[in-house]
Amino acid sequence: MFTAMRAERMEGLHFFSDQATGLEAIVAIHNTRLGPALGGCRYLAYNSVDDAMADAMRLARGMSYKAALAGLDQGGGKAVILRQPHIADRAALFEAFGRCIESLRGGYITAMDSGTSSADMDCIAQQTAHVTSTTHAGDPSPHTALGVLAGIRSAVRARLGQESLDGVRVTLQGLGNVGYALAQLLQAEGAELLVADLDQGRVRLAEEELGAKPLAPDAVYEAPCDVFAPCGLGGVINQRSITRLRCAVVAGAANNQLVEPALGEQLRMREILYAPDYVINAGGLLHVALTHRGVAAGDIAGRIRNIGSRLDSIFEQSLAQGRSPAEVADRQAEQLLYDEDAL
């Protein structure tokens, strides 16, 4: 366990169990140099505790990088609750988890994530103030989409030399809450949409409401387009799919889009501009973090739009240094997280 923690440079790993509710949870805290750890709570079935632990640590690390480059005084953390086949009282389970969070004394702030809802966060809030994404705070998905839109604008300007998205062809992979919100924003900007999702109902909705052209899920990589926007599951850019891409830009909302870091350089060598995922998709994090602090909605929207400016800088440095945008972003984040001279 300690070997795995050292490999990910983790600060803490907390295990919780509550016999009365059946709660089994792990909270991973990666880095708190910039401030208390913030990260979502997943409620999923895992094959093993080791798998759950690895997921929590990997995601906590990603949250540290995301928070650092979003300019937040926050660290990175993640919680996973191991989903059991039968739970008698879901509300009681999340209230028990709220007590676990409270025991960390503000070292970790939780939020909604895969398998959890704002109603679950409301239950947690009965036991601790160290939670956001509650019903009162609202859904972060539109805010994530707004940041991705700003990032796509930046990438299109850098790679295609266009200020406007009018007529830009965008392939959207995934039409969940964030993906569909992004599709709406892009359509309003005049972009031409190609869409794919395993849920054909979502695809039909995009056809009817947004005039999108449907694609089969496996056809997204080879569809000629200006921008490929992964907005579903992570790990979609791998050694096989990268050779199939027919786009100038990869810029989307999905987490962990690259299966391995070396793929960032391979994209650069193919002259495909990649917007590092944890930079472009930070709008939701900015919303939950700043809402938790009581920042005004207009100020939060301004911070989210600044994601485009952050990417402008990353793309400029990538070109000047001959490094991939992914490597430039990693170096910037690591300097903030680990370099004593950076603060």
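The backbone N, Cα and C atoms fix where each Cβ goes, and this holds for glycine too.
Keep in mind that TrEMBL annotations are predicted by a computer and have not been checked by a curator.
The 10 Å shell around the Cβ of LYS78 (active site, proton donor/acceptor) contains 29 further Cβ atoms across the protein chains shown. In the three-state DSSP scheme, LYS78 (active site, proton donor/acceptor) falls into the strand class. The feature active site, proton donor/acceptor is assigned by TrEMBL to LYS78.
Taking Cβ-Cβ distances under 8 Å and a sequence gap of 6 or more within the same chain, the neighbours of GLY179 (NAD(+) binding site) are ALA145, LEU172, GLN173, ASP197, ALA229, CYS231, GLY232, ALA253. The NAD(+) binding site annotation in TrEMBL covers GLY174, LEU175, GLY176, ASN177, VAL178, GLY179.
Taking all protein chains in view, 25 other C-beta atoms sit within 10 angstroms of the C-beta of LEU175 (NAD(+) binding site). In the structure shown, across all protein chains, GLY174 is the one of the binding-site residues GLY174, GLY176 with the greatest number of other Cβ atoms within 10 Å.
Here LYS78 (active site, proton donor/acceptor) is positioned 24 angstrom away from LEU175 (NAD(+) binding site), judged by their C-alpha atoms.
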